[in-house]
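Colleague: Annotations per TrEMBL:
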type	residues	note
SIGNAL	1-25	signal peptide
DOMAIN	34-368	domain 'GH26'
BINDING	HIS127, TRP194, TYR260	substrate binding site
ACT_SITE	GLU189	active site, proton donor
ACT_SITE	GLU297	active site, nucleophile
Amino acid sequence: MKDFIVFVRFGLQSFLLLISPICFAQTSDKLATAETKNLLRNLKAIQGKKVLFGHQDDLAYGNGWKYEAGRSDINDVTGEYPAVYGWELGGLEHGRPVNIDSVPFDKMKAFIKLAYDKGSVTTISWHLDNPVNGKSAWDTTKNCVRGILPGASKHALYKSWLEKVAAFLGDLKGSDGKSIPVLFRPFHEMSGSWFWWGRNETSPEELKQIWRFTVTYLRDVKKLHNILYVYNYNDIKSADDFMERYPGDAYVDVMSFDFYQSGDPQKDTRFITEVQKSLSIVHGLADRHNKAFAFAETGYNAVPYAKWWTKTLWPAMQNDLPAYVLVWRNAGYRPKENDYHYFAPFKGQVSAPDFVKLYQNSKVAFEKKAAALNLYK
Ligand code: BMA
């Protein structure tokens, strides 16, 4: 992290002041709660030095189990819970009681409270259906974002969906009675082309407009002041590429990207080189724009390489440690797809011993180190 040197003149005397950018860590929401401001400041302070480890749906289910109180595949393997929990809101827009992965929203709220009470962090994604044609998030019909912008035919519908998201986010309270800060990551992987808000489906200008509308609505109309907004690409080609859809510093708190392992990591080092490149770009941009940066989603499905954690993921991240890294969900065997879908190890899984080594790395923080960091203070 670079410091600024400021030259101050006082009458005949001059001073040189060294100011660390941490002093400037400012939420996009000027009215953010103290806990939310503190979380951003602390994420910025640890990045480059320590990385918080996260897992999607960690407390809800894992490989071969569902809703067993206190259970977590990460905890089964390491004896400790992650520092970051990812949750998904898809389905909430229709007022359904469970999300697209069958996680009940009331249970999700309870898990989020538990995590906050322990000093851990919550991040939320939203695979919302396409409001224009009713198809899923994975619909790639072009120009649908245009159809939900102010003045367009489905704008009111999109707003009614945001109402439900606002109600959910506004209802998150810790045991201390405070609103729980949430890292909200809407329109994620916008540089890919598999969601209706993707690169080939949406112009950069329209993406910026819907992002600004969404933030303004949640922040200024619904008066939610517990949200940090996470801007998210899939892979980053260059700094210019990453900034092409950037809605502006007043609407973003965390710069991030997703990238998954494909191919055989023992023969092909592309994961390492791509992640190193993306992290170096996003680290530089985050410093320049005074934001935090994160590796918002990653993983190697079914982790068949026993040393993936220390020989691939760690070398990929170590030069530019993001504030957090999150691996995707452990759905286990999926009968409908007839496949295995898991990104964290579980007891007996081939990469579990190597994951324990990553867990023991002094720069990787799970629940206890995160709690010691007092992220909300
Ligand atoms: C994807 C897959 C899907 C899931 C979606 C939202 O990456 O895991 O099965 O529905 O995320 O969580």
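Backbone N, Cα and C atoms are what each Cβ position is placed from, and that goes for glycine too.
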Colleague: Which recorded positions out of HIS127, GLU189, TRP194, TYR260, GLU297 lie by ligand 1, going by a Cβ under 6 Å?
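Modeller: Cβ under 6 Å from ligand 1: HIS127.
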Colleague: How many Å lie between the Cα of GLU189 (active site, proton donor) and the Cα of the residue listed as 'active site, nucleophile'?
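Modeller: Cα to Cα, GLU189 (active site, proton donor) and the residue listed as 'active site, nucleophile' are separated by 10 Å.
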Colleague: Have a look around GLU297 (active site, nucleophile) and count the other CB atoms within 10 A of its CB, chains all included.
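Modeller: Taking all protein chains shown, GLU297 (active site, nucleophile) has 25 Cβ neighbours within 10 Å.
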Colleague: Rounded to the nearest Å, what's the C-alpha distance separating TYR260 (substrate binding site) and the residue listed as 'active site, nucleophile'? Just drop the number here, would you?
Modeller: 8
Colleague: Does DSSP put HIS127 (substrate binding site) in a helix, in a strand, or in coil?
Modeller: coil
Colleague: Please report the distance from the Cα of the residue listed as 'active site, nucleophile' to the Cα of HIS127 (substrate binding site), rounded to the nearest angstrom.
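Modeller: Cα to Cα, the residue listed as 'active site, nucleophile' and HIS127 (substrate binding site) are separated by 14 Å.
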Colleague: Per DSSP, TRP194 (substrate binding site) is which: helix, strand or coil?
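Modeller: In the DSSP reduction, TRP194 (substrate binding site) maps to coil.
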Colleague: Taking DSSP as the reference, which of helix, strand or coil describes TYR260 (substrate binding site)?
Modeller: strand
Colleague: Run through the Cβ atoms and count how many others sit within 10 Å of the one on TYR260 (substrate binding site).
Modeller: 15
